[in-house]
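Below you'll find the structure, written out as structure tokens, and then a few comments.
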Amino acid sequence: MADLLPEHPEFLWANPEPKKSYDVVIVGGGGHGLATAYYLAKNHGITNVAVLEKGWLAGGNMARNTTIIRSNYLWDESAGIYEKSLKLWEQLPEELDYDFLFSQRGVLNLAHTLGDVRESVRRVEANKFNGVDAEWLTPEQVKEVCPIINIGDDIRYPVMGATYQPRAGIAKHDHVAWAFARKANEMGVDIIQNCEVTGFLKDGEKVTGVKTTRGTIHAGKVALAGAGHSSVLAELAGFELPIQSHPLQALVSELFEPVHPTVVMSNHIHVYVSQAHKGELVMGAGIDSYNGYGQRGAFHVIEEQMAAAVELFPIFARAHVLRTWGGIVDTTMDASPIISKTPIQNLYVNCGWGTGGFKGTPGAGFTLAHTIANDEAHALNAPFSLERFETGHLIDEHGAAAVAH
């Protein structure tokens, strides 16, 4: 019966055979790859584009993230691209003509120590300076925003306050991917699933196409948007990326009536919690410490995040875990992304988003499309070049990442 519904994803875009050549080939059919294709078509009139996905569309990190959207980052460069992304989020449901349930319910980032308080107040002032909505809340005000949180002083790390971004929130991740895919397909973009890139065609230090499990595809330009497998793709192309891949786990509970009205994050005790539209509690924590490409992780990470969640939200002690899963996040040494040209001519890369990839989806697509179309970075992504790891102009956002990297 579900196959007959008009919103079933098979009816939203075509599944063509790959052509022999394209102006642009985008490797990675997740949110970032699809957003890039959409903005190439919309903003730059480039529609002879193929998005190649090795599995099913948006079946990687796009299907596995915890859907949090915010822009309250510390440094000017980060605030710029994430705030641009948030503004795009606010207009995309109408622009894409698709309701992906973007809910601006606000995000609380908790402070548990005097050090947390000082850093949080600093972050609020920096956000205001950059035009990002931000407030500092006392524990009592935190309780007003989220009535079920425990602000007592009898827990391991008492809540001493929180930063609050009212415009932040969550969205339905699958629907976001489908919305971008549908609109890009309408504009002439080919979306090709079950097509894994196995190598690159090169003429000296210039990329001219890709080798795939469905044949060779020639391309004027190639963009990499493979998230956790970006370093593997870069190695195939003949250069190295300064990233490491780690598993990142999440879990959901059984369904409940609405009890959790906002998003709560705690870097100090490594847990973040929201309630999805259907009613399940969605929780995440820090990355697993080891490197790997497995979409699973160690149980102790789940165990520790559940203990932290129950301490902050005693009511959750009665909840049952429905399922857990993992994604593969690509992290840089400064916890900031790479949206850049590469040492290979006509090859571009978007990676290194770590745990912040979903919230950056529109901004990543917008800036990468500009970089591809003009062969030079947009002002928003110029600071996120590969060269910063040589010059030392790093953008250290470990504190804003909300979980341990």
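Count begins at 1; order follows the chain as displayed.
Backbone N, Cα and C define each Cβ position, glycine as well.
A quick note: this is a predicted structure, and the numbers were derived from the prediction, not measured.
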According to Swiss-Prot, which candidate in V197, V232, V259 joins G31, H32, E53, N61, M62, T66, I68, G354, G357, K359 at the FAD site: V197
Feature tele-8alpha-FMN histidine, as given in Swiss-Prot - residue among H173, H270, H277: H173
Cα-to-Cα gap, G354 (FAD binding site) vs H173 (tele-8alpha-FMN histidine), nearest whole Å: 17
Per-residue Cβ crowding (10 Å cut-off), top of binding-site residues M62, I68: M62
Nearest of the binding-site residues (G31, E53, M62, I68, K359) to H173 (tele-8alpha-FMN histidine), judged by Cα-Cα distance: M62
Most Cβ neighbours inside 10 Å, all chains, among the recorded positions H173, K359: K359
